[in-house]
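Visitor: The following feature annotations were taken from TrEMBL:
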DOMAIN    A:9-101  domain 'Pseudouridine synthase I TruA alpha/beta'
ACT_SITE  A:ASP52  active site, nucleophile
BINDING   A:TYR110  substrate binding site
DOMAIN    A:147-253  domain 'Pseudouridine synthase I TruA alpha/beta'
There are 2 protein chains.
Amino acid sequence: MRNLRFTISYDGTAYSGFQIQPKADTIQQRLEEAVYLLTGEQVKVASSGRTDAGVHAKAQVINFTTNSKIPVERWCLALNARLPKDIVAHTAEEVPLSFHSRKAAKRKTYCYTIRAVRFPDVFHRNYEYHHPTHLNVEAIREALPCLLGEHDFTSFCTVRTDKEVKVRTLYEARMVLETDELTGGGQIERIRIIVSGNGFLYNMVRIIVGTLIQIGEGKRPSSDMQRILEARNRAEAGPTAEAMGLMLWKVDY
Amino acid sequence: MRNLRFTISYDGTAYSGFQIQPKADTIQQRLEEAVYLLTGEQVKVASSGRTDAGVHAKAQVINFTTNSKIPVERWCLALNARLPKDIVAHTAEEVPLSFHSRKAAKRKTYCYTIRAVRFPDVFHRNYEYHHPTHLNVEAIREALPCLLGEHDFTSFCTVRTDKEVKVRTLYEARMVLETDELTGGGQIERIRIIVSGNGFLYNMVRIIVGTLIQIGEGKRPSSDMQRILEARNRAEAGPTAEAMGLMLWKVDY
């Protein structure tokens, strides 16, 4: 018995999220099918954490145990040949049997991308949220630092959750701006919100971003972020931002 | 009667190219349908040049004449609401009736993207050609300068063409390298070949790139490019590179 760990990326557009569920097309099921086609084994694929319907992953980490003797360096090519084109395995390695991709994860990084110009970018249309009107990026930037460190993030967690402890630590909460190549005039085209932490509650990044968008729209002051955090009440925060803009960027162990 | 000029972008993946043809889904037909839905007019949309099936455009230029009195600043939003999500109008302006987007074009720029790492990038899978093995980028770079200037490009033109004069002038033929963010170790992830000129023959960019790929693979020396150019014989050049990697980048007037 061997425990294999993979880095995979996926375009979540066509899927009902990572986790297997009845009558739905999921990343986990496609991965387990690919392993079955390759080895004949019915494995259970574990991940660093599930991603929701429409959410993407640049470098998700998964693992599963197998009796297959296929050398580790052949696994990615063999799996990719059995996976749909929107799921790709990039790296494979053998890890101790005790390794579990969720339990061992030390830090996760997400990136949420907002396209903040009038018309969508056809080439990124499934990978960024299109906000056609102006956003005040300075107001967004000012709202970020209060999220850093250890906090009870109850306000930024969907109410339908079974996790009782809502305390998480954020190591990074920053904004990266990209300007428009076409107009060339330095107009802001894309706003990326990058957050990393020791763990994230259900919908946490998307609720933080939904709140930041309201701040950028001038519907709330930047100082609201601190107030919402302290309120520990989901109703105080903004809406859950659309899934398509969210990408699991990397997982550190 | 007014003549309107637009900058549009499109993801060519789902289309049989720009130009209208029977029983095929084309960009031109989708544009003409959108104008019809908006104004009730059956216009003929002209472009800076057709693009083949699967080829993309970041900033294609089109124009057509209309009797509609819709103010020019409302056209993009109105057209986008009637276009599929993979075709987007970005800018609109009124131009003299004499303007024709193909005849008036002074310079066109194309970008061909090659992903040169082992596995494809799911997020760019329709917008770059995946070459899973190593390419010698220095050899490719050395082959480019001889293309600059005025030449008879017969060797780089598909034989089925009706254009008799095969002389074109290239102003730019350069390579841009992008390194892999994931591995971080400076590994080359993407090779972009950027060419601009006063006009391009049928399949010219794709045949140049197909030849460059053979040079990068070590199947030909860099000096072959000069020899092929002088031979004025399509059979001397490499194969036509796949359409998906090609993008019409911009058109200057």
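Glycine is treated like the rest: Cβ placed from N, Cα and C.
Unlike curated entries, TrEMBL annotations are predicted automatically.
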Visitor: Could you tell me how many residues in the domain 'Pseudouridine synthase I TruA alpha/beta' (A:147-253) are helical, how many are strand and how many are coil under DSSP?
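Guide: When I sort the residues of the domain 'Pseudouridine synthase I TruA alpha/beta' (A:147-253) into the three classes, I find 31 helix, 34 strand, 42 coil.
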Visitor: Taking the Cβ of A:TYR110 (substrate binding site) as centre, how many other Cβ atoms lie within 10 Å?
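Guide: Its Cβ shell of radius 10 Å holds 25 other Cβ atoms.
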Visitor: Express the distance between the Cα positions of the residue listed as 'substrate binding site' and A:ASP52 (active site, nucleophile) as a whole number of Å.
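Guide: Between the Cα atoms of the residue listed as 'substrate binding site' and A:ASP52 (active site, nucleophile), the distance comes to 13 Å.
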Visitor: Looking at Cβ-Cβ distances, which residues of the chain lie under 8 angstroms from A:ASP52 (active site, nucleophile) while being 6 or more apart from it?
Guide: A:GLY12, A:GLY17, A:ASN203, A:ALA243, A:LEU246
Visitor: Over the domain 'Pseudouridine synthase I TruA alpha/beta' (A:9-101), what is the model's mean pLDDT?
Guide: 97
Visitor: Hey, does DSSP put the residue listed as 'active site, nucleophile' in a helix, a strand, or just coil?
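Guide: Reduced to three states, the DSSP call for the residue listed as 'active site, nucleophile' is coil.
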